[in-house]
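Here is the structure we will look at, set down as structure tokens.
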Amino acid sequence: MKIVLVGHGMVGHKFLEELRQLQTPGAEVTVLCEEPRVAYDRVHLSEFFAGKTAEDLSLVAPGFFAEAGFTLRLGSRAAAIDRRARTVTTQDGVTLPYDKLVLATGSYPFVPPVKGSERDQCFVYRTIEDLEAMKAAGAISRKGVVVGGGLLGLECAKALRDLGLETHVVEFAPRLMAVQVDDEGGRILRSKIEALGVQVHTERNTVEITDGRSARHRMVFADGTHLETDMIVFSAGIRPRDELARQNALAVGARGGIAIDDHCRTSDAAILAIGECAAWRDQTFGLVAPGYEMARIAARQLAGDAQAAFGGADMSTKLKLMGVDVASIGDAHGRTPGCRSFRYADECKQVYKKIVVSADGKHLLGAVLVGNADEYGTLLQMALNRIALPADPEFLILPSSDGKAKPGLGADALPDSAQICSCNNVSKGQICAAVGEGASTIGEIKACTKAGATCGGCVPLVTQVMKAEMARLGLSVNNHLCEHFPYSRQELYHLVRVGEIRSFEDLLARHGQGLGCDICKPTAASIFASCWNDFVLKGELATLQDSNDYFLGNIQKDGTYSVVPRMPGGEVTPEGLIAVGQVAKKYGLYTKITGGQRVDLFGARVEQLPAIWEELIAAGFESGHAYGKALRTVKSCVGSTWCRYGVDDSVGLAIELENRYKGLRAPHKIKFGVSGCTRECAEAQGKDIGIIATERGWNLYVCGNGGMKPRHAELIAADLDKAGLVRLIDRFLMFYVRTADRLQRTSTWRDNLEGGLDYLKAVLIDDSLGICSELEQQMQHVVDTYQCEWKTAITDPEVRKRFRTFINDPRADQRIVFVEERGQIRPARAEERPIVENAEVEA
Amino acid sequence: MSPARTAPMSSEELKWTAVCKLGDILPGTGVCALVEGRHVAVFRIGDSGIHAIDNIDPRSGASVLSRGLVGNLGEHIVVASPLYKNHFDLRTGECLEAPEHSVRAHHVRVNGDDVLIALA
């Protein structure tokens, strides 16, 4: 079957993904994509201005088309359809036959009929090309206006603000987001948006754009007032792209859009339409979730599932506009006959909440939330599943005054069929099934069901469902560290800090029981180090350390240790390299370059370690902490100093950062990368902390990982100056140290944070918890109290004498046997070893 | 070479070797002693509780058990191997995760300030 897909946007690509998953036999798929690039994430388009690149926004996994065997024609617009011959012809004259044609042409931005709207520096906001043009104009503008105060218009205003422009929003209606919120909510939203420095002009009907006096344009309004600006972006809504349907006499909806039935079929059964271009029962959908649902239906249709049907879509939305939570559910405006509403407004905190209930008071019909949308998940489920309301529904939105939990809906109240994640259509039943199969963290649930993996709005609810199901199955949901402490690592950290506890004995006496173990001892040692930063081998602290930290080396399979001197930023002088080489040669060590741009020396026996380090320290080296759950390395590319593409001095910054954070103990190891330009040779986006130079400063990415589960780091802030960058890293690292579980890398920590990246930004940038200055002070303490552990160790005779193989014999461990391979040593394999029984050691 | 643990010799018949002073072992850690050519891990729990088991980790063949972290798992006083973190009961030598990897526990005595070991 020949399938031609017209349009490769978000919905078109979802269709391809579904089709591929269904493995429809004999399907030959050709994709016509008008844009010069493959599908990208239009929902997060404004992040393009916060530093994301077109590649970051791409939705297409590398190799997707090749692996699926689909043909992609980029820059190829479908110009005509011949329904009788069943062919599509592109604008460049290529004619393709089809058995099934799928239209996913999307929509186009509506530009109101205003005289002068075609002038230079007037834009629409839809494609990456539009954004690139806006960016170029932003560089030569001081002031910008968005026409349209709806959802997209406000997104667009954020973009202009990110470009550093004085930003105005001009709206025809009396309030912002007129579709989703009511007057009172609109008022609170407006004052919040204005507090962020965006000027809002409502009830303004633009009639003409002419030359300005103080700026490029003058916008003249119907009431006779005017506003001058250097650039204008029209974001006054979208219209379905149904021209192919109209040209070919396919039925269209009453308000436009290609008419489809429940199976996404147009009036010609060989042609399907999905996404924003389609009109189902005269209704078009400008949200991605219904589009994705149509994509799934269409793919299943073509795979032979005739039953697959579209049942409409809930248009409830929750979003964060410039940091302001806005949500709208169902009948937000109370248009249902007989309905009644409850409203709560707090003008100090700028919060507005309204619920609309049925005439009999039994069911929730709709809601508006502005300024705080914490109840969104609960309210949405109540509305969608027609769950009986509690006797006093007002308590659903009133703040609790006595610390009591709100009348929760409890995950138990939801039917198995309740859709928890609308982006990926995941039901409660599917989440429960995943728990039954062993998933027990939100990260695992995301990985196996995709719930919460797109917009993340449902993560709190997914977590609730997961925990309830675990409790129901009798699975332990306790996060106790071990049998000795009935606390999570985060709680223990808090107890240590607040109680100023500095010894394990004290910690155990006050909050634990028993003797401790190999789980809680190193955890406590790490917490003590993060909080107080004493020498890790001082007194009792030594007894808490894993072998690696006790001997300040990485234990290897044969009981020898590896030695890693610090080389900040991967920079090393010839003298330094020679010194390392001489030490390796003298002690017969195997040498290898690590992934972190330094040299690892293997095969050192415990009693050799102090002498080896004495020589390395004399040559100017310090401990590399390769043995610790601590900052490891800051990898860098050579940067602007040498590289002809470099934008900034990545090596210099890497050295500075490595020296600042060296010695920091954390729940797990931490790796940094610094790249001097977007070519990203330091692979910074695969690190816990990644920094990339831009023309205007540094972009900071967080929570990346290589290894077993690779994860790209996410941009948390763009174009930072060095002081701002360091401040944000201080906060980030200390917040991670404070809240992560034991042995949890930043990427897993991030996947398990309710609220995800937005939450991190709120805490670390907007200081929503009011802890930023504390985090900075704590980091400064760690920085100020840094010491090279090896230097302290070799100068302390008590510590130094611990480095011996036998307490009662000066000999080395004869069981350690090396053989030679490629000119260096390696541990002997069992069959290569002389027979050495436990009982015998040759003298 | 050594009697089965099921038939222990009386204390007088054992061959005791003084390996170190009590103060040589940091409370809550272990050291490795060479006793008649055998690698023995000697642990000090609290101020005076001394335990001795083989130092060689049967899973890796490396002589490392004295370098593990000590503590308790329920009733067992244990050391965790620094290589694969399997736990050994310090009183019996039993490997809790894999009994086939159990090691031998040895006799210990503290005489004044001296720590004495007798192979089991």
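Cβ atoms are placed via backbone N, Cα and C, with glycine included.
Among A:C643, A:C703, only A:C643 appears in TrEMBL as part of the [4Fe-4S] cluster site alongside A:C637, A:C677, A:C681. Counting residue by residue with DSSP, the domain 'NADH-rubredoxin oxidoreductase C-terminal' (A:316-379) contains 4 helix, 33 strand, 27 coil. The Cβ of A:C643 ([4Fe-4S] cluster binding site) has A:C637, A:G676, A:C677 as same-chain neighbours under 8 Å, each 6 or more residues away in sequence.
DSSP classifies A:C637 ([4Fe-4S] cluster binding site) as coil under the three-state reduction. Under DSSP, the residues of the domain 'BFD-like [2Fe-2S]-binding' (A:420-467) split into helix, strand and coil as follows: 26 helix, 4 strand, 18 coil. With pairs at least 6 apart in sequence, the domain 'BFD-like [2Fe-2S]-binding' (A:420-467) and the domain 'FAD/NAD(P)-binding' (A:1-295) have 3 or more Cβ pairs within the 8 Å limit; the two touch. A mean pLDDT of 92 is what the model gives for the domain 'FAD/NAD(P)-binding' (A:1-295). Neighbouring residues of the recorded [4Fe-4S] cluster site, listed in sequence order and excluding A:C637, A:C643, A:C677, A:C681, comprise A:V638, A:G639, A:Y645, A:G646, A:S650, A:S675, A:G676, A:R679, A:E680, A:A682 (Cβ within 8 Å of the Cβ centroid). Sequence-distant neighbours of A:C681 ([4Fe-4S] cluster binding site) (same chain, six or more apart, CB under 8 Å from its CB) are A:C637, A:V638, A:S675, listed in sequence order.
Highest Cβ count within 10 Å among the binding-site residues A:C637, A:C677: A:C637. Under DSSP, residues within the domain 'Nitrite/Sulfite reductase ferredoxin-like' (A:556-618) fall into helix, strand and coil as 29 helix, 14 strand, 20 coil.
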